[in-house]
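J.: Swiss-Prot feature annotations, pasted as is:
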type: DOMAIN; residues: 171-245; note: domain 'Toprim'
type: BINDING; residues: Glu177, Asp219; note: Mg(2+) 1 binding site
type: BINDING; residues: Asp219, Asp221; note: Mg(2+) 2 binding site
type: REGION; residues: 407-426; note: region 'Disordered'
type: COMPBIAS; residues: 413-426; note: compositional bias 'Polar residues'
Amino acid sequence: MGGLPVSPKYVIKAKMEIKGSVEKHDIIGAIFGQAEGLLGSELDLRELQKTGRVGRIEVNTRSQDGTLVAEIEIPTNLDMAETAIIAATIESIDKVGPYPAKTEVVSIEDVRAEKRQKIIERAVELYKKLLESVPESRELVEEVLRRVRVAEIVEYGEEKLPGGPEVETSDTVILVEGRADVQNLLRHGYKNVIALGGATIPKSIKSLVENKKVILFVDGDRGGELIARNVINALKVDFVARAPPGREVEDLTAKEIARALQNKIPVDEFLQALEREKKQQKEVKAEIVVPPAKLIKSATKKNPEIAQEIVVPAEVYEKLEELKGTLEAVIYDENWQVVEKVPVRDLVNRLKEVERAAHVVLDGIITQRLVDVAYTKGLKSLIGVRIGEIIRKPDNIVLATFSSVKKSEENIQESVSTGESAQTSP
């Protein structure tokens with residue numbers, strides 16, 4: 001009879017033993033019949049069930065040694081005292097039909113306690129997820145700070161050299177090679193950094209460092225060593241810091257940058273260390289299988305001689321300045337029409353798939369891997385911020401830097417012109 005309340009507070013569990021065979025409806029009838037009139041109208045079971053304060057009475061029976069055992073459950077929405085009174089009333093039932101019965105309340109369960117336990121367990125799960133999301137929030141803050149720092153890049157001097165906002169006011173200046181190096185140091189909070197911008201020392205740099213402590217921060221390879229020698233010979237340098245062996249400044253993490261700057265050494269010690277290395281090490285060149293093309297060999301990473309002069313359409317030339325600092329690459333076809341733009345980090349893989357690629361301009365370094373892919377795809381030219389360590393270079397590909405690009409008088413040019421003096425003879 002009746003129905004289960006929507007949200008019961010308590011469940012009365014009782015056991016009844018009957019000395020005879022009866023049906024479930026006989027037991028339920030006995031409960032309602034014998035409880036009727038005992039507690040008054042406010043606690044009458046039938047009325048309570050009609051109003052939803054007592055739910056459906058569930059009865060399960062089994063036979064045991066000639067006795068019928070009934071397990072009874074009664075859900076209620078009453079308060080604790082009223083529920084206890086109903087439970088005691090159930091225990092007063094001593095007869096079902098013609099058979100004697102004995103009733104005992106086994107327990108009164110607090111349904112809300114179970115709900116509270118589930119709430120606690122769920123709260124623990126949600127709290128753990130919240131804790132897991134905290135690092136992501138920190139990363140978000142770090143990303144915002146990183147972008148703000150990168151946005152602080154300024155142009156210094158008549159050469160418009162990329163640098164940090166504190167390069168003029170700080171008593172110490174960190175000299176790096178290129179714009180990408182400046183961006184990485186700014187990203188990690190070093191605002192007194194400025195780029196050399198090439199092999200020739202700009203006049204603005206010479207005047208800037210006259211009364212400052214100068215730290216030269218170079219890549220940890222042969223190219224970095226050569227740049228260090230060149231700068232030391234032409235400029236006042238107090239200390240030299242090097243990236244870890246084989247690493248570039250633009251790729252270092254915050255910890256690696258801090259460690260490299262902390263381990264800086266005076267110029268004299270740096271030059272002495274280079275001489276010791278030169279005496280101790282025997283250079284061993286591994287045999288390299290190269291494509292069947294005429295090669296130009298360059299033992300240095302940033303050899304200015306390998307950068308060739310190239311003439312490009314006016315539209316392409318004008319876009320060079322916009323490309324700086326974006327870390328993007330633009331793929332052109334033979335007529336210098338844009339095929340697509342891609343992030344520099346994806347350029348090598350994307351070039352393998354593009355069919356109409358003929359020229360590439362990138363805000364990044366021209367690496368040996370990029371040259372190899374360009375050769376297999378039949379590209380005519382690669383133009384980058386600088387040229388990396390090129391061991392093998394096919395003659396039919398022009399390698400140029402932004403500084404060696406010339407603007408054509410024509411807007412559209414079907415083929416690439418290169419200065420005769422810049423080409424290397426076979």
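Using the three backbone atoms N, Cα and C, a Cβ is placed for every residue, glycine included.
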J.: Return the average pLDDT for the domain 'Toprim' (171-245) as a whole number.
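T.: Its mean pLDDT is 88.
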J.: How does the domain 'Toprim' (171-245) divide up by DSSP, counting helix, then strand, then coil residues?
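T.: Reading the DSSP string over the domain 'Toprim' (171-245) gives 28 helix, 18 strand, 29 coil.
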J.: Between the Cα atoms of Asp221 (Mg(2+) 2 binding site) and Glu177 (Mg(2+) 1 binding site), find the distance and write it as a whole number of Å.
T.: 13
J.: By a simple count of other Cβ atoms within 10 Å, which of Glu177, Asp219, Asp221, the binding-site residues in the record, is least packed?
T.: Asp221
